[in-house]
Amino acid sequence: MSFSSSNFYVILSISLTVFILLFNINKVNSTELTSFTITKFSQDQKNLIFQGNAITTSTGKLQLTKAVKNSIGRALYSAPIHIWDSKTGDVANFETLFTFAITAPYSSNVADGLAFFIAPVDTQPQNIGRAGFLGVFNSETYNKSIQTVAVEIDTFHNTWDPKINRHIGINVNCIKSISTTSWVLENGREANVLVRFDAHTNVLSVVLSYPGLPDSYILSDVVPLKDIVPEWVRIGFSAATGAEFAEHDIRYWSFHSELSLVFNNNNANVSSSVQSA
């Protein structure tokens, strides 16, 4: 019996198709979701952990600090966030939108600023005696053990800061930012901040804008979260004052993350969760 080359390629094509189908059958996709929106902070806000001087007010604000000297306040979302998966190596995409206001009695002397941060689940306020660290970091030099990423909105110039005065910064494991851009504080006015992380490119991007004003302040950098923070983290805000001061408020906060997981079907342990405020 003869066996033509055309028959060989037909059989090879069929075999490859069957292999691809079987390979895909053995893969299971799952997505873990975390999503919440807080449009008004209640005085009995059960999904937040308060540290230091942070409180919620009768007017619906999350007040991190009052306009007093030497104050630190932090508020964390109570449920840990699965930011990357150790079994698959997959990392979550996320975005968070928040509205803040910084109000100082004297607009020329404002300190020190606030930060959105991602940190270990057991995170505690850092460097309480030095307000320039914003209650998030304990050093101006890189310290891998901190396992923290932050977006700082800095109102006071310290020795480790860039030459520009007030700035937005992306910080990794220390208070000295890896990227910065200047911004103009509108005393007492609400500003919106959008923070996004793209797991495919490892790009963390920040956009700050004041409603009704034309300028936007934009910043981005590569931040490989899987190499920096633990698999499970907490997210939240921190603010601090020193000899100079201001009231630091959060007026609105939403967060959404998606962790797409691909498992082997033979050993799949698939879960999907949605958390809401």
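Using N, Cα and C of the backbone, Cβ positions are placed for all residues, glycine too.
Spatially close to His167 (Mn(2+) binding site) yet at least six residues away along the chain are Asp154, Asp161, Ser177, Thr180, Thr181, Ser182, Trp183, judged by Cβ distances under 8 angstroms. The Mn(2+) binding site annotation in Swiss-Prot covers Glu152, Asp154, Asp161, His167.
The Cβ of Asp161 (Mn(2+) binding site) has 20 other Cβ atoms within 10 Å, all protein chains considered. Annotated Ca(2+) binding site per Swiss-Prot: Asp154, Asn158, Asp161, in sequence order, evidence recorded as similarity to another entry.
Annotated N-linked glycosylation site per Swiss-Prot: Asn143 (among others), in sequence order. Of all the Cβ atoms in the protein chains shown, 13 others lie within 10 Å of the Cβ of Asn143 (N-linked glycosylation site).
Here Swiss-Prot flags Asn269 (among others) as N-linked glycosylation site.
Taken from Swiss-Prot, the feature signal peptide applies to 1-30, supported by sequence analysis.
The DSSP secondary structure for His167 (Mn(2+) binding site) is strand. The number of other CB atoms found within 10 A of the CB of Asp154 (Mn(2+) binding site), across every protein chain shown, is 27. On a Cα basis, Asn158 (Ca(2+) binding site) lies 19 Å away from Asn143 (N-linked glycosylation site).
The C-beta environment of Asn158 (Ca(2+) binding site), restricted to residues of the same chain at least 6 apart in sequence and closer than 8 Å, consists of Gly132, Ile175. In the three-state DSSP scheme, Glu152 (Mn(2+) binding site) falls into the strand class.
The Cβ neighbour count for Glu152 (Mn(2+) binding site), using a 10 Å radius over every protein chain in view, is 26.
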